[in-house]
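Asks: Dropping a structure here in structure tokens format, bear with me for questions.
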């Protein structure tokens, strides 16, 4: 922006919010003499131009109990979230953004439940499902990079009531997860010292995450870039080390090979063990969809989101499949250390156990340090996921209006403060009641990611039907899912299967008789989602969206379709001229 454009933005005239070139953050438009004053002013509400104000006010007028779809479209389109995430941020979020306790710690319990073969089979199947889901999300997010992402897609293509249920379901997943991650970080520190109260480390980590989020979405992006890079290097290093150890190159133990696949065996607890691992694997991938949520805050989603979506293939293949194959070769499923003291006990990590067994000095501490980074990364993602989802719900009149407050830095400030305040619950880490409290908090959101992924796949299926029914072709879509609409059917069916097997292992848990506590601690999320859906539908009398009337126009950042189609045609022709290796690389990356 030129100085004249800044001046126009400052006095509220002739400011085109929809333009990526002019948009930026409003902090750029409010130049103050001192840094302290600039910092203070950044928390003031974003100021729209008079024209935008009039349009938003008209859309915000009460329309009674009926769901006002047109008003929602305008508020989401005018959301002043910052658009400062870059391609490298999205790619690292896609590669390592959700690698946390699910992979490093939760895989230990999964190995104990089902054995190394079940671990490999279950994570591969869930990986296929996530590959299809993320590509479906990528297609929708590139075409409609709107605030709220998948919850909004449910509203637009399925039913506003289902969008309400999915929005609150997803927000609660991160809301509950934040204090849990703070506790997990404090427990991880206990690997080195137990003389200091865990509450001290909860406070330290809480302050660190507050500091990161003062820098808005750019702070989140930079932090995730660094965190993910550390996790990527660690997993690659572990895979290389694991291959050496399996082949007998370690200081002790000699050749291992497939010993543990024969004794104690490849499977444990039979088919039910496989189903239990299937459920654990699904929850271990939670956070993969954050790439789609970040679309509304990306400078050029058409260029950066496809690459980020394709990176999921590498994450699934290298970090989960290859990494867990190595784990299954190095650690027997009957190792008692795999059970741990809790679901966030880093000492139960099969990655840590593997290097401890190899008697390589210092490496266990390094692995634990990586686990600590992973935990903080997920905690940081909790702030992003909750605040953006709650802000979008507020913009749709599905949450109190105060949560739609966005400051001049593009931060959904009230939503961020809300989850940071709830994070103080992490101080329960110093209490003996922490296990019971978090068991029931997690029960409320235990199935959140499954409902979210299933809704993404269903939204993509219904979008494709609406797109064709309203006379459009696939050539008009900037990025199409590599798995296609068939992949979305596969993803949707897989998510239904996860719900079914979760019900089974919740009613009849491994090694125990049926009991109410086991069932509700695993399946309480399902009746909660259904209740949210039915209450909203009955109160607002919403209707299921039909393909012929579905909105496939609003929220699209590229408005000049002819220019967009020409640009896509040129890109495809240029790629066709490249050699086979480059075309293969572009297909996967």
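Glycine is treated like the rest: Cβ placed from N, Cα and C.
Below, the features straight out of TrEMBL:
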REGION    1-31  region 'Disordered'
COMPBIAS  13-25  compositional bias 'Polar residues'
DOMAIN    89-544  domain 'Amino acid permease/ SLC12A'
TRANSMEM  90-108  transmembrane segment
TRANSMEM  120-153  transmembrane segment
TRANSMEM  174-193  transmembrane segment
TRANSMEM  199-217  transmembrane segment
TRANSMEM  229-257  transmembrane segment
TRANSMEM  277-300  transmembrane segment
TRANSMEM  312-333  transmembrane segment
TRANSMEM  366-391  transmembrane segment
TRANSMEM  412-431  transmembrane segment
TRANSMEM  437-463  transmembrane segment
TRANSMEM  484-507  transmembrane segment
TRANSMEM  519-539  transmembrane segment
Asks: Counting only residues 6+ away from its ends, which parts of the chain sit with a Cβ under 8 Å from the transmembrane segment (312-333)?
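Replies: Those are 94-96, 99, 103, 107-108, 111-112, 114-117, 119-120, 123-124, 127, 130-131, 134-135, 232, 235-236, 238-239, 242-243, 245-246, 256-258, 260-261, 263-265, 268, 284-285, 288, 291, 350-351, 353-354, 357-358, 588-589, in sequence order.
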Asks: Does the structure show the transmembrane segment (277-300) and the transmembrane segment (174-193) touching, where I'm treating 3 or more Cβ pairs under 8 angstroms (sequence separation 6 or more) as a contact?
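Replies: No; fewer than 3 Cβ pairs under 8 Å.
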Asks: Residues sitting near the transmembrane segment (437-463): Cβ under 8 Å, six or more positions beyond its termini, same chain?
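Replies: Hits for the transmembrane segment (437-463): 129-130, 132-133, 136-137, 139-140, 150, 153-154, 156-158, 162, 165-166, 169-170, 172-173, 175-177, 179-180, 183, 282-283, 285-287, 289, 292, 425, 428, 431, 481, 485, 488-489, 491-492, 495-496, 498-499, 502, 520-526, 528-529, 545, 547, 550, 552.
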Asks: When you scan the chain for residues with a C-beta under 8 Å from the transmembrane segment (412-431), skipping those not six or more beyond its ends, what do you find?
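Replies: Distant contacts of the transmembrane segment (412-431): 43, 81, 174-175, 178-180, 182-183, 186-187, 197-199, 202-203, 206, 209-210, 213, 379, 382-383, 386-388, 390-391, 394, 402-406, 437-438.
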Asks: Against the transmembrane segment (174-193), which of these stretches has the most C-beta pairs under 8 Å: 120-153, 199-217, 366-391, 484-507?
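Replies: Selected stretch: 366-391, with the most Cβ pairs under 8 Å.
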Asks: With a Cβ cut-off under 8 Å, give me the same-chain residues at least six positions beyond the ends of the transmembrane segment (120-153) that come close to it.
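Replies: Contacts of the transmembrane segment (120-153) (Cβ under 8 Å, skipping residues fewer than 6 from its ends): 76-77, 79, 81, 94, 110, 114, 163, 166-167, 170, 274, 277-278, 280-282, 284-285, 288-289, 291-293, 295-296, 298, 301-302, 305-306, 308-309, 312-313, 316-317, 320-321, 324-325, 328, 388-389, 391-393, 395-396, 452-453, 455-457, 459-460, 463, 477-483, 487-488, 490-491, 494-495, 498, 555-557.
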Asks: Where else in the chain does the transmembrane segment (366-391) make close Cβ contacts, counting only residues six or more beyond its ends and a cut-off under 8 Å?
Replies: 79, 81, 96-101, 103-105, 147-148, 151, 167, 170-171, 173-175, 177-178, 181-182, 184-185, 188-189, 191-192, 205, 208-209, 212-213, 217, 220, 223-224, 227-228, 230-231, 234, 238, 287, 290, 293-294, 296-297, 344, 346, 349, 351-352, 355, 399, 403-404, 406, 411-412, 415-416, 418-420, 423
Asks: Taking residues 6+ outside the transmembrane segment (199-217), which of them lie with a CB under 8 Å of any CB in it?
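Replies: Here the qualifying positions are 25, 81-82, 84-85, 182-183, 185-186, 189, 223, 294, 297, 376, 379-380, 383-384, 409-411, 416, 420, 423-424, 426-427, 429-430.
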Asks: Could you tell me what the rest of the chain brings near the transmembrane segment (484-507), counting residues at least six beyond its ends with Cβ under 8 Å?
Replies: 125-126, 128-133, 135-136, 272, 275-276, 278-279, 282, 447, 450-451, 453-454, 456-458, 460-461, 464, 514, 518-519, 521-523, 526
Asks: For the domain 'Amino acid permease/ SLC12A' (89-544), what's the mean pLDDT in this predicted model?
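Replies: Summarising the domain 'Amino acid permease/ SLC12A' (89-544) by its mean pLDDT gives 86.
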